[in-house]
Every structure is written in C-alpha cells, then in structure tokens.
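In Swiss-Prot this protein carries:
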type	residues	note
BINDING	CYS120, CYS121, CYS203, CYS206	[4Fe-4S] cluster binding site
ACT_SITE	CYS229	active site, nucleophile
Amino acid sequence: MLTYETWEENDVSFSEEDETKGALSVLSWAYKEYKSEIVYACSFGVEGMVLLHLINQVNPSAKVVFLDTNVHFQETYELIQKVRERFPSLNIIEKQPKLTLDEQDKLHGDKLWESNPNLCCKIRKILPLEESLANEKAWISGLRREQSETRKHTKFINQDHRFQSIKVCPLIHWTWKEVWRYVYKHSLPYNPLHDVGYPSIGCEKCTLPVGEGGDSRDGRWAGKVKTECGLHYQ
C-alpha cells in the first residue's frame, strides 16, 4: 500500500486520455488500494457533485466527510440533503468543530473570521479534518489545476505534508466548462449560488460573489491576503 511513509516507492501513473480525464481510473485505483481507509472531504461545490457521482460508481458506500463549520450558506445545507437523496448509500458524515461558535467567541472574541481568519479556519476546518483523517491512509479532494496558481502543480496522487497522508485528486485536468458539462449531462444537483456569481463557495462569512472575468477564487476572503483555508498546502 502506498502511504505517506512509503512515498519514495510511488510509481503510480494514470492516463488522462479517457472521457473522465483519468478520474475514474484514479478513483478505482484509490478504493482498491485503500479499501475502507480513505475518505472524500467534500465541500459540496460543483466539483464535488462530479466527484460524488464518480465515486458512487466505484464505491457506493464510500465515506464522505463535510466540514460543517456552522457558518455555511443555507443553500449548502439544503444541497447536502439533496445529495443524500440522490446517493442514499454514500456514508456522508457532517464533522463538527470541537468549539461551538459561542465558545469560540468567548475564547477569541466575536467574528474571529474577520479578526483572525487563519485561526478561524484552523479551529473550524483544519483541526476537524485532522481528526477525520486520523484513522485513514488517504483522502480525496476535488482540486483542479485551473482553479488557482497555488493549485496548478497538483498531481493525481500527492504526498500531503499538512496531514501526513496521501491526497488523491482525480479532477486535476478538468476545466470549469467540463465540470458543468458533466453536471448538466447527468442532471446532478448543485448549489444555486453558482448561478448568481459564486464559482467557489465556502463559509457564508468569508465568501462573496465574483465579478465577470474574475478568478474563480476571488470571492474567498476578499480584501485579505489569504487565498486558501489551509487544507491544501503541500
């Protein structure tokens, strides 16, 4: 088994010359390699809808973790319910932070997402994912190279130093148009916020719509130097 510790033995390669640009092959390998010791960390963005559909074909009872920060858009929570109905066999886990919002306010002050967004992300996303990955050998992410400069070198299989795990990224070669073409082709549910200027959807407090011609992640932590929540640093 390929693990974080045995990374030097990595000789896995995949062709991207198929209908899913390698995604199905990558997922088939991942679930064969890790069996029950792999989880998909899903934010329920539009890429997530594609991955859930593909994963359901490979492993209908796969584990899916959603990092419920308690400050997501209502539309996101409603989408999760639709996904549960569409893919009833998937094991969707809504992972909560250890601190409630009230407890966080008492410890760190009101609106931590404004005063210290990095700490807020650590409490409400990074630490919960660490807990979710504690007993896993690998995890799946919907990263695409096209999304941003920080993601353009992502590979199908990555040694993830942040979580000392293997990170599997099946959609690295997909374009934004290809993602949407797949969603429409298979009549997949998606977050209606995508239709009103939100290409990337995170927490309600830190996500704004993006103007025409803007980068897909311009609406995340707008006005701040921050561009990533911290889950995807290599």
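Even glycines carry a Cβ here, placed using N, Cα and C.
Everything Swiss-Prot records as a feature, shown here on the structure.
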{"residue": "CYS120", "record": "[4Fe-4S] cluster binding site", "Cβ within 10 Å": "23"}
{"residue": "CYS121", "record": "[4Fe-4S] cluster binding site", "Cβ within 10 Å": "24"}
{"residue": "CYS203", "record": "[4Fe-4S] cluster binding site", "Cβ within 10 Å": "23"}
{"residue": "CYS206", "record": "[4Fe-4S] cluster binding site", "Cβ within 10 Å": "20"}
CYS120 ([4Fe-4S] cluster binding site): secondary structure state under DSSP, collapsed to three categories: helix
